[in-house]
Structures are given as C-alpha cells and as structure tokens.
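Structure first, commentary second.
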There are 2 protein chains.
Amino acid sequence: MRELGEFALIDRINAGREQAAQVLLGPGDDAALLAAPDGRFVVSTDMLVEGRHFRFDWSTPRDIGRKAIAQNAADVVAMGARPTGFVVALGCPADTPVPVVEGIADGMWLEAVRAGGSITGGDLVLSEQWVISVTAFGDLGGQAALTRSGAGVGEVVAVSGELGWSAAGLAVLSAGADTSDPAFAHALATHRVPQPPYAEVIDLFGEHIPTALTDVSDGLLADLGHLAHASGVAIDVHAAALTDPELSALADRLEADAAQWILAGGEDHAFVGTWPSSTALPPGWRPIGVVTAGSGVTVDGTRPSGGTGWESFRGADATPTGHNR
Amino acid sequence: MRELGEFALIDRINAGREQAAQVLLGPGDDAALLAAPDGRFVVSTDMLVEGRHFRFDWSTPRDIGRKAIAQNAADVVAMGARPTGFVVALGCPADTPVPVVEGIADGMWLEAVRAGGSITGGDLVLSEQWVISVTAFGDLGGQAALTRSGAGVGEVVAVSGELGWSAAGLAVLSAGADTSDPAFAHALATHRVPQPPYAEVIDLFGEHIPTALTDVSDGLLADLGHLAHASGVAIDVHAAALTDPELSALADRLEADAAQWILAGGEDHAFVGTWPSSTALPPGWRPIGVVTAGSGVTVDGTRPSGGTGWESFRGADATPTGHNR
C-alpha cells in the first residue's frame, strides 16, 4: 500500500463503481453532494477497531466491509429512513496488502447497494492499528422520524430479525471450535455479516407505524433499556416469545446459554419497536413483550441479573471482540 | 475513562450543549436528523491518527478538537456550502483521562459553532491508538456546488487565507525550537488551530462566484494540481505573489525554505479558486497565478522539483505528523 500511495489506491477502489441516483457528486472533490428530497437527512456514525470490533483471522476483508456498512445502515433504518449513502474513512498499516483494502471496499459497496445507497466518499490514512469509520445517511420520505422516545404504556413490543445468532458465532470463534462444522455455519455467517431486515422496517409498515423503534446492537435488554428510558416507561419481555430451539441446540454443544445470547448478544441488528395494542403488527414482526408503567426492563416480571448488553469501555475486559453500538 | 464507561462519558461531553437550529434531532437516538433546506447536502470526512496528524505533546486536546473540525469545515466551505453540522467518532485508549476527551469535545464544539454548525452525534470506542474521525455537512443555499473542475484557460488563480504558516509551526515543533519564543507564536498557533477564512468564501462572493474552488490541505501546488487535473487545464503560479517577508524571516531563523512551506506545506486551509479575468476578485482574495492550456502546475513557467504536497502513504516516511487532506 505504501508503494501505491493514497491517491492511486483511492482511484483504484473507486474505479468502475456506479453511484446511486441520489448521489449528485461522488468521490474526487473536496466533498460529495447528496440529494435530500425530504429536506432533512438522517445521519449516524460508527467506528470499528481491529481486534475489538473485527478480526482478520475471523472474517474476510469483504465480510468486514459488509458488516461495517450493515451496522450503520441499520441505525439509519431504525429511524424509519431509507439509506441513501455512506462515507467511510480507513486507517490502515503501511504494510497492508492492497487486496485487503480492495476486499473491504468491495464488501462496503455490496452492502451499501443492498441497503439502497452507495459509497459517496471517504478518507484513507496510515495508522498502526486498523480502524474503520462509517457515516451513513438516510431519507425519511416525508415521514416523522421513528425515535426511541414514543413508547406508551400498554403497547406491544415486537421484533423483526434474528436475535442471538451473532453472539453464537462469536462464541464459536472465541471457543476455537471447528468453523467448518455445518452446525455453526449460520451463526458464523450472522456474526460475520449481520443481515438487518431493512425491508421489514421501511417497506412493510404501511399503516402500522410503530410509536418507537431502535435496532438491536448493544443487546436486546440494553437497547430496550435505552428505549424505555427515552420513553419514560418500563418494558417487560416474555421469555417464552424469545426461545429459539435451533440456537438452544447450538448453545448446548458449546455449553453456553442461548438466553444470554438472545438477551444480551446484540450485533444481529434486528429491529425492535412498540405499537399500540389495537394496531396489527406489520408482516415480519413478532410480539415479545409489553410496555408498562415505571422504568427499566424485566424478563417475565423479574429484573435480569448478569450482563445485559455491551458498553464499549466497561465491557472491554469481558469480551474480546465483536460489538459496536 | 474505563471506569466512567462509554454512555456516561458521552452524556458528560454532550451535557449543556446547544444544538444549532438546523439540527432537528441531536445525539441520543439511533441517528441524528439535520435540516437540508436546499434539498441537497454536502458531506466530507477525514480521519486523524495520533502521532501522524496530531500529537498530545505538541497541541492541547482543545486545539486538536478545533483542528479536526476546522479541516472538515474547510472541505465543506470549499464546495461553496455553509457548514451545518458534524458527527465525530473517537477511538481512545482505556487509560485516557476523562479531561482529555472533554477538552477535545470542547474544542470541537467551539470550532463547530464558529463554522456555523454543531456536533450532532458521534461514537466513542476503545482503541490502542488515538483516532479521530470527523464527517462534516453543509448546505449550498440553492447555489451550484463549486467543484475543482470548472477552471478555464485565461482565468485568474486567487487565494484567500494564509499559506505556509502551519508548515512553519510544524517545523518549529519538529526542530525542538523554543516554543515560548514570541517569534514562533503565530506559526505555532496556525499549526495547532488553522483558521480557514470561512466568511471570505461564503459571504463575500456576491456576484464574484469562482469557476472552481478548493481548500489548501495537501499543499498549494498539490491542490492546484488536483484542480488543474479536474479542470483539464494547466496552472502557472507567480512566485512574487506568494512571498511573505515575515515567513521568510522565520524560515531564516530555522535555516528552512519559506517557499517550500508556502508551495508544499498545506494544512493552513486557505482557499484557492479561479475567476474569469474580466471578473473583479471578491474582497479578501489576492491573485497568485493564471490558468493556461495544457496540464500540470508550474511556478513562473517552471515545473517545480522536490516535494509539492502531502500524500498520506508515500509521504509518511518524510514527515512525522501534521497533514491530512
């Protein structure tokens, strides 16, 4: 990479890319220009650090690129917005082989297009440690933003997307289990490239708009805790609604606790929201609990003990890698 | 920092901040929401790595925060847009004292407000190496974006802002000179906190809109090279228009070459643009050269030898710190 140089490498990873229609000016000038037809835009940013949020011995560069975009796209979608574009900054060691950067860029592009946008610009710098920073944009299409603060007492809590499978994949990798075992394939794939159900959030709401919405990135209980706090309510989760026999079978093999993965794992980037009990849930959503008066999150009426989610600094000692809000 | 935890620290550095009017939803949800009254928005991103782009023994945390915002705001302004907001991601070691993060945040806020925006969101993660990633947004107010590609043969090249003083400050620090010497004060201040002349670009154009515009971040010749390449023209710079007696006196003291600082230094975040020769230059702009047919950049008709600017990877061996596009 040092031989090729920053500008030549940027030219190479941008070559042949087709920008989304809403990108009015892509990479190559002082800044990019994106359309914001709504007159507003949603923006979210995440930083991923090698060894903490991703590992090159556990994921391909392409997977790392996809995941970096997916988790940021999920934040945009969790506001009820359609992803429109992404800017990325990479800090990488001077001896990084060019194909590693190209692989990350390819993965980023793949997922950006899947989410409905493109990579509209970026930065590339030398750094001893690998760092990936992504900023994602979205358009609300004239709708109100779906914040965490609108949940009301008596409402239904529902989820779209998988829970616990990313944590299971991380457990497989951490345990040094045989990653070629087909029984681990789905967990590993989910950990390496989460598949946020973008379409369920944006396209299928119809008349079934949630009162509050967030994505599950820190862990279900932690993220519900943020939502409950922002809304000034309590949430009770029904354990029976969260059981997953396939995940339990996998947990047994690793002598792990599937419930812990589901409640505290995060990183699947499922979406969780609240709806008035009189409203039918949109297709693809399943009820998992209720909004009650008070504060905090309980499981079947009991306040859970033990880890309930991820926090970057204090959680750092407990978990080697894999989490980012 | 590890004791305080990510969420508590984020709460602390956001406490008491007042978001700009165009920020419809600030930090605390899955994403922020900004107004884009123009129906488009400009976006630029930069990553700064400790030891390469900043050093805690050379700058205060507050200065580092200001500079990180200033260089991104300059990119937005260089498109002819008004800065509206910024999102930031910080990667910092677990043993970072909380006041260091607070100082960086204070500096970022100070400069964001100076540029016309606010810090609308961010991320905070553990990292062995300090990394700061900033993404800046701007609004064009119904005007066309001022790209690098509009320069025409026969036009005047003009500059607003200082050139070479940031490089001089870096030279003072690199040489281990007495930083308390008043003779070095302006150079050091400029290196630590560049002062892009935001107002000259946006407010004073009036009828004097440039045909092309960029900011000087890689170095004057390098950035003019990008502009010339994008416009399919050549540029000849007049050395006599660039002399700076005060800077020359400083260079003599350090046995350095002021012309090299001016032509290749970058990082002052001056702005350089092109205007038809029939158009009067806006207030605050001074002519430094002409656009000609051909390609590349010359000084008084001669192609310069030696370093002409900064490139992150290939330049890395030559310069210890201080540059970012």
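For all residues, glycine too, the Cβ spot is worked out from N, Cα and C.
Whatever TrEMBL says is automated annotation, not expert-curated.
Pulled from TrEMBL:
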- A:D30, A:S44, A:D75: Mg(2+) 4 binding site (BINDING)
- A:D30, A:D75, A:D215: Mg(2+) 3 binding site (BINDING)
- A:T45, A:D46, A:D123: Mg(2+) 1 binding site (BINDING)
- A:D46, A:D75: Mg(2+) 2 binding site (BINDING)
- A:H53, A:E267, A:W310: substrate binding site (BINDING)
- A:G122, A:D123, A:R148, A:S217: ATP binding site (BINDING)
- A:D218: Mg(2+) 5 binding site (BINDING)
- A:28-138: domain 'PurM-like N-terminal' (DOMAIN)
- A:301-325: region 'Disordered' (REGION)
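Structure coloured by features recorded in TrEMBL.
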residue	record	contacts (Cβ under 8 Å, 6+ apart)
A:S44	Mg(2+) 4 binding site	A:N72, A:D75, A:V76, A:M79, A:T135, A:A136
A:G122	ATP binding site	A:I10, A:P27, A:V87, A:V88, A:A89, A:L90
A:D123	Mg(2+) 1 binding site	A:V88, A:A89, A:L90
A:R148	ATP binding site	A:A212, A:L213, A:T214, A:H226, A:L227, A:A230, A:S231
A:D215	Mg(2+) 3 binding site	A:A74, A:D75, A:V77, A:A78, A:P196, A:D223, A:H269, A:A270, A:F271, A:V272
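Averaged across the domain 'PurM-like N-terminal' (A:28-138), pLDDT for the predicted model comes to 96. Listed binding-site residues: A:D75, A:D123, A:D218, A:E267. Those with a CB under 8 Å from a CB in chain B, in sequence order: A:D75, A:D123. Ranking the binding-site residues A:D30, A:T45, A:D218 by Cα distance from A:H53 (substrate binding site) puts A:D218 first. Each residue contributes its Cα atom, and for A:D46 (Mg(2+) 1 binding site) and A:S217 (ATP binding site) those atoms are 11 Å apart. For A:E267 (substrate binding site), the binding-site residues whose C-alpha atoms fall inside a 10 Å radius of its own C-alpha are A:S217, A:D218, out of A:D30, A:T45, A:S217, A:D218. A Cα-Cα distance of 13 Å separates A:S217 (ATP binding site) from A:T45 (Mg(2+) 1 binding site). Here the Cβ of A:H53 (substrate binding site) has 26 other Cβ atoms within 10 Å, regardless of which shown protein chain they belong to. In the domain 'PurM-like N-terminal' (A:28-138), helix, strand and coil residues by DSSP number 35 helix, 44 strand, 32 coil. With respect to their backbone Cα atoms, A:D30 (Mg(2+) 4 binding site) and A:T45 (Mg(2+) 1 binding site) stand 20 Å from each other. Following the DSSP three-state reduction, the secondary structure of the residue listed as 'Mg(2+) 5 binding site' is coil. Across the structure, the residue listed as 'Mg(2+) 5 binding site' and A:T45 (Mg(2+) 1 binding site) are spaced 15 Å apart at their Cα atoms. Listed in sequence order, A:N72, A:S133, A:V134, A:T135, A:A136 are the same-chain residues at least 6 apart in sequence whose CB falls under 8 Å from the CB of A:T45 (Mg(2+) 1 binding site). For the ATP site listed in the record, the two most distant Cα atoms among A:G122, A:D123, A:R148, A:S217 lie 32 Å apart.
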